[in-house]
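The Zn(2+) binding site annotation in Swiss-Prot covers His58, His60, His205, Asp293 and is backed by sequence analysis. As annotated by Swiss-Prot, substrate binding site applies to Glu86, His178, Glu208, Asp293, with the evidence given as sequence analysis.
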Amino acid sequence: MHDLVIRNGLCFINGEFVECSVGVDGNRITHVAKEVERGEIEIDAAGCLVMPGCFNAHTHAAMTLLRGYAEGLPLREWLEKVWEVEARLDEDAVYWGTMLACVEMLKSGVTAFADMYIHMDAVAEAVGESGMRAVLGYGMADRGDEERARKELEIGLEFAEKWNGGFEGRVTTMLAPHAPYTCSPEFLKVVSDASKDKGFLKHIHVSETLWEVKEVRERYGKRPVEFLDSIGFLDSSTVLAHAVWLSEAEMKILAERGVSVAHCPTSNLKLSSGIAKVSELLEMGVNVGIGTDGAASNNMLSVLSDARVGALLQNLRGRTLKPGHWLEMATEGGYRAYNLKGGRIEEGYLADIVVFSKTCRNAPMHDPAAMLYVENQALHAVVDGVLVMEDGILVNVEEEKVIEKAEETALELVGG
């Protein structure tokens with residue numbers, strides 16, 4: 001008998017949807033077939049879509065507190081407004097903001113996310129309580145100050161070492177310097193060395209705007225990716241957020257170094273940043289995941305919604321990709337970027353699985369993959385082999401309480 005069985009669903013496997021059942025034991029998928037033996041827990045998925053959970057490859061979860069704040073501004077002006085409010089954040093605020101994000105993500109089919117922010121102990125606690133999976137790092141920026149650099153690295157390393165493997169392995173950690181324009185070359189080198197010494201991943205914002213490209217070129221005489229490569233920062237343990245404004249030479253560097261990209265199409269549109277060359281990156285062999293960025297720069301944390309926006313933008317560029325490719329980026333692309341064996345309905349993979357029902361919004365299903373773009377409220381969610389949402393109701397979290405506490409916190413934060 002299996003620990004858990006998802007039975008008779010239409011399962012997303014190798015880019016297509018096929019009828020099958022999924023057996024889970026411990027935190028792994030152990031059996032994928034038309035017929036599997038009974039499970040201690042049985043989920044009837046007849047008429048439903050079953051797919052690996054989505055991985056939000058770049059976000060700042062607690063920024064749900066700033067959803068709808070500083071609307072209508074380009075990135076630099078938006079950052080100035082947001083940083084002013086973020087300076088008032090404390091552990092309690094970040095906890096409730098992250099809990100709200102976890103509720104939203106689970107209900108939209110996201111089982112795991114990568115987060116770089118502040119007060120990260122609170123983020124880790126929220127992840128643990130919600131039942132989600134996450135890769136977490138303290139967002140570091142030295143701004144050319146040696147003393148600040150020392151303190152930032154100390155905080156980042158302390159957090160990474162404390163929480164790596166937390167909550168039975170659902171939390172893993174990384175080092176997360178903010179960007180080439182907020183971190184000095186010396187600091188980035190130290191972070192890169194620490195990453196190699198300790199075995200931590202690295203995550204950084206890169207080439208989000210043309211302003212950033214211009215700023216880095218003026219400082220260092222190189223484009224951002226070329227600059228990072230020149231100091232030895234780029235390798236297969238590196239994930240770049242955004243990567244909108246890349247030259248062909250830079251894309252080749254990413255492919256050669258095994259760097260992954262977290263594509264954030266909605267955020268890039270909202271902040272007037274630009275449209276990333278996703279099709280070209282994939283053609284060159286670069287692994288791409290999909291991120292929402294924070295709710296303040298997106299308004300939602302639905303990876304499937306971002307996949308839809310990303311697909312439409314590449315269509316606009318004349319570089320169309322099939323819906324199945326976008327689902328692969330939304331799932332396995334993120335897990336692969338962060339060195340996790342997940343994002344596939346396949347034996348031996350992490351049992352992070354979501355189930356979507358058929359509704360008036362996604363019927364008829366001529367192409368189930370395309371229909372997931374428009375119907376992205378999950379019915380059931382399994383993370384690490386554990387049922388964390390059943391019939392749309394979260395198992396570990398009081399949703400109404402989280403919404404109430406997050407709203408109270410947000411109003412206090414912005415002085416409402």
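Here the Cβ of each residue, glycine as well, is placed from N, Cα and C on the backbone.
Remember, it's a predicted structure, so these values are computed and weren't measured experimentally.
Mapped onto this structure are the features recorded in Swiss-Prot.
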residue: His58; record: Zn(2+) binding site; DSSP (3 states): strand
residue: Glu86; record: substrate binding site; DSSP (3 states): helix
residue: His178; record: substrate binding site; DSSP (3 states): coil
residue: His205; record: Zn(2+) binding site; DSSP (3 states): strand
residue: Asp293; record: Zn(2+) binding site; DSSP (3 states): coil
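Under a cutoff of 8 A between CB atoms, and with a sequence separation of 6+ in the same chain, the neighbours of Glu86 (substrate binding site) are Ile118. The two recorded residues, His58 (Zn(2+) binding site) and His178 (substrate binding site), have Cα atoms 12 Å apart.
Over all protein chains present, the Cβ of Glu208 (substrate binding site) has 26 other Cβ atoms lying within 10 Å. In sequence order, Met116, Gly139, Met140, Ala141, Ile204, His205 constitute the residues six or more apart from His178 (substrate binding site) in its chain with CB-CB distances below 8 Å.
Glu208 (substrate binding site) sits 12 Å from Asp293 (Zn(2+) binding site), taking the C-alpha atoms as the reference points.
For the substrate site, whose annotated binding residues are Glu86, His178, Glu208, Asp293, the maximal Cα to Cα separation is 20 Å.
Other C-beta atoms found within 10 angstroms of the C-beta of His58 (Zn(2+) binding site) number 27, with every protein chain shown included.
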